[in-house]
Amino acid sequence: MAPAIQANSNGTMNVNGKCRDGHTAEQRNVMDDALPIEITVEERGKAFAKDPWAHEYSVSEQALRDQERLIDQYHHKVLIVGAGHGGLLFAVRLLQTGNFGINDILIVDEAAGFGGTWYWNRYPGLMCDTESYIYMPLLEETGYMPREKYASGPELRANAERISHLWGLKRRALFRTAIKALDWNDAQGQWKATAQGLGKLQQVKLSADFAIIATGLYASPRIPDFPGLWNYKGPVFHPARWDYSVTGGTPERPEMTRLHNKRVAIVGTGASAVQIVPQLARHSKHLMVFQRTPSGVDQRDNCYTDKARWKEIASTKGWQRQRMENFNAFIGDPKSAPAVNMVGDRWTSMPSYSMTIGANGITKPGYQDEMREMDSIRQGKIRSRVHAIVHNPARADILSPNYPGWCKRPCFHDDYLAAFNEPNVDLVDLQGKGSISFTATGLAVADTQYEADVVIVSTGYTSPKDRSSPGSRANIAITGRGGLEMERKWESGLSTLHGVMTRDFPNLFFPGPAQSGVCTNQTYTLDQLARHVAYIMARGIQQCNGQAMVVEPSEEAERAWADQVVQRAGDSLTAFAACTSTSLFSAAKMTKDQIMNAARLTTWREGIASYVIELEAWRSEGTLQGLEIKRLA
């Protein structure tokens, strides 16, 4: 049967025969750098682009009329692309300014409901890997208490729907609609959007004064162009489009009864696979795990939320932000971390991950050496944990990470490693053995054939490390003033103001990550950016007495910000040269000019706390320094 490869949240799935350096998939390990293309443009790919969850969202005649009303309205004050945590936070923070009403906002998403990554990802074992008390947005505002320290996928998805209900956003959402292009009309001071409806609605034209790209960092599932992929006769799917018709079960009750007599192969051992493998081990007749680079897996220690303890946690105003920033400090500013570790998880015992997200003092002499020493000790403990749990020493060696901990996002799970003790689980090590290829009945590595009834391709997502523009990551062709394509600006030496807006793309906002702050808790980052963007938009409206206006950074301001980003990066990016898998940066492979351009495309390397201080200081001045604001006639 045809592979059940599905489209991403903007209609694409990633299959490509060439890597970034121009080598073919056969010349390199194809799990490294496959790039996305739209398989929906091919006849054979059309069946793979379906939303596997759309049938759960019944569309009444009233709902259809509401959607048609939003389209007929045509012009909207604010267009938000994306209905995940980012889109919700941008909408809520705009409403809280008092300068925007609910009818000013239009949210567009290809999904049939709210949730973003938690809408699409519904694989068995799905949970967040950051404490839910700081990861789930707007808990203080909603008063909701998470059921567990690490919330499940269904709970996270339900929370997104809850937020949309409390703020009345559902009636302002245009679902099952993919924005394909955004074009700036300078004469009208508006963004013109071309969208493709995926249900009864077909091509849609929209207009907006402001546009916000909030499609997330990991919106696009990535599948390498494995040789022979299209010849395989069994079902193939990505975890982000889990096919329960093949496995049995549901997201809420993932009892995969249809796998009891099946040979299952899962390719990849990243964050998704770490959660999936224990579930497959329980339900499959035979499970084969294909690994290129092992994940560093520490314990998670999940538990149910104690109500009495929750009352203590959520008892004071501002508690969630305080807890978020306490968590951030233990990773991004370890030398000045508070006396009390509020979260107390395994993330907060990994300050060396600051080499990825940035930290106070990261460019100072000796910082990298100090982090390498700390990381070496931690990685040694991770390897010891593998050998303590996995009975077979040779298998334990294969599962042990031998690279700096900042090279690959760490994982946390209590059952993953133990799954490799089960007699029905095999581990296939791909290191030094060439690439995977598909046969009609399974997979092949070098001269060895692996028969499989089902293949799950857990090869991750298009990463922000790819240094592409917000438009490219969202699969939207964005064209600014004078026909300037956003991708061209990113390639030719990026400049932004605060990582959220860029000149010649007026009234357009995006949540970094280039030239903005980042942290391991993406919800905190998104909330800070949403607050900042809401402030800029509201102040611009106020300055123009509520009239239509255009706002963008001055050339000098965004150049100065880019220079600050480069200055704060220093030589910190060289830490990634030791990474064995695809890295953010490798000095050995880049010219001096390329290194400088990479530095402009990186994040605020001084850490999220420093970045937020910069934003708050800028806002406290109240002058909107560096912005050009013009009222339209």
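Note that Cβ sites are derived from N, Cα and C of the backbone, with glycine treated the same way.
The FAD binding site feature in Swiss-Prot is assigned to THR117, TRP118, TYR119, TRP120, ASP129, THR130, TYR135. What Swiss-Prot lists as NADP(+) binding site is MET127, CYS128, ASP129, THR269, GLY270, ALA271, SER272, ALA273, VAL274, GLN275, ARG292, THR293, and the listing cites similarity to another entry. Among the features that Swiss-Prot reports, site 'Transition state stabilizer' is placed at ARG409.
Distribution of Swiss-Prot features across the structure.
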| residue | record | DSSP class |
| --- | --- | --- |
| THR117 | FAD binding site | helix |
| MET127 | NADP(+) binding site | strand |
| TYR135 | FAD binding site | helix |
| GLY270 | NADP(+) binding site | coil |
| ARG292 | NADP(+) binding site | coil |
| ARG409 | site 'Transition state stabilizer' | coil |
Original post:
Given the binding-site residues MET127, VAL274, which one is most crowded in terms of C-beta atoms within 10 angstroms?
Top reply: VAL274
Original post:
To the nearest whole angstrom, what is the C-alpha distance linking TYR135 (FAD binding site) and MET127 (NADP(+) binding site)?
Top reply: 11
Subject >> Spatial separation of GLY270 (NADP(+) binding site) from THR117 (FAD binding site) - C-alpha basis, Å >> reply: 16
Original post:
What's the CA-CA gap between THR130 (FAD binding site) and ARG409 (site 'Transition state stabilizer') in angstrom, rounded?
Top reply: 12
Subject >> Farthest-apart CA atoms of THR117, TRP118, TYR119, TRP120, ASP129, THR130, TYR135, residues recorded for FAD, distance in Å >> reply: 19
**OP:** Between ASP129 (FAD binding site) and GLY270 (NADP(+) binding site), find the distance joining the two CA atoms and give it rounded to the nearest Å.
**Re:** 12
Original post:
How many Å separate the Cα atoms of GLY270 (NADP(+) binding site) and ARG409 (site 'Transition state stabilizer')?
Top reply: 8
Original post:
What's the CA to CA span in angstrom from TRP120 (FAD binding site) over to SER272 (NADP(+) binding site)?
Top reply: 13
Original post:
Among TRP118, TRP120, TYR135, GLY270, ARG292, all listed as binding-site residues, which has the most CB atoms within 10 Å of its CB?
Top reply: TRP120
Subject >> Maximum Cα-Cα separation in Å among residues MET127, CYS128, ASP129, THR269, GLY270, ALA271, SER272, ALA273, VAL274, GLN275, ARG292, THR293, which the record lists as binding NADP(+) >> reply: 24
**OP:** Work out how many Å separate SER272 (NADP(+) binding site) and TRP118 (FAD binding site) at their Cα atoms, rounded off.
**Re:** 12
Subject >> Cα-to-Cα gap, MET127 (NADP(+) binding site) vs ARG409 (site 'Transition state stabilizer'), nearest whole Å >> reply: 15
Original post:
If you count Cβ atoms within 10 Å of the Cβ of THR117 (FAD binding site), leaving out that atom itself, what do you get?
Top reply: 25
Subject >> Cα-nearest neighbour of VAL274 (NADP(+) binding site) within the listed recorded positions, TRP118, TYR119, ARG409 >> reply: ARG409
Original post:
How long is the line from the C-alpha of ARG292 (NADP(+) binding site) to the C-alpha of ARG409 (site 'Transition state stabilizer'), rounded to the nearest angstrom?
Top reply: 15
**OP:** Would you kindly give the Cα-Cα distance separating ARG409 (site 'Transition state stabilizer') and TRP118 (FAD binding site), rounded to the nearest Å?
**Re:** 19
Original post:
From the Cα of TYR119 (FAD binding site) across to the Cα of ARG409 (site 'Transition state stabilizer'), what is the distance in angstrom?
Top reply: 22
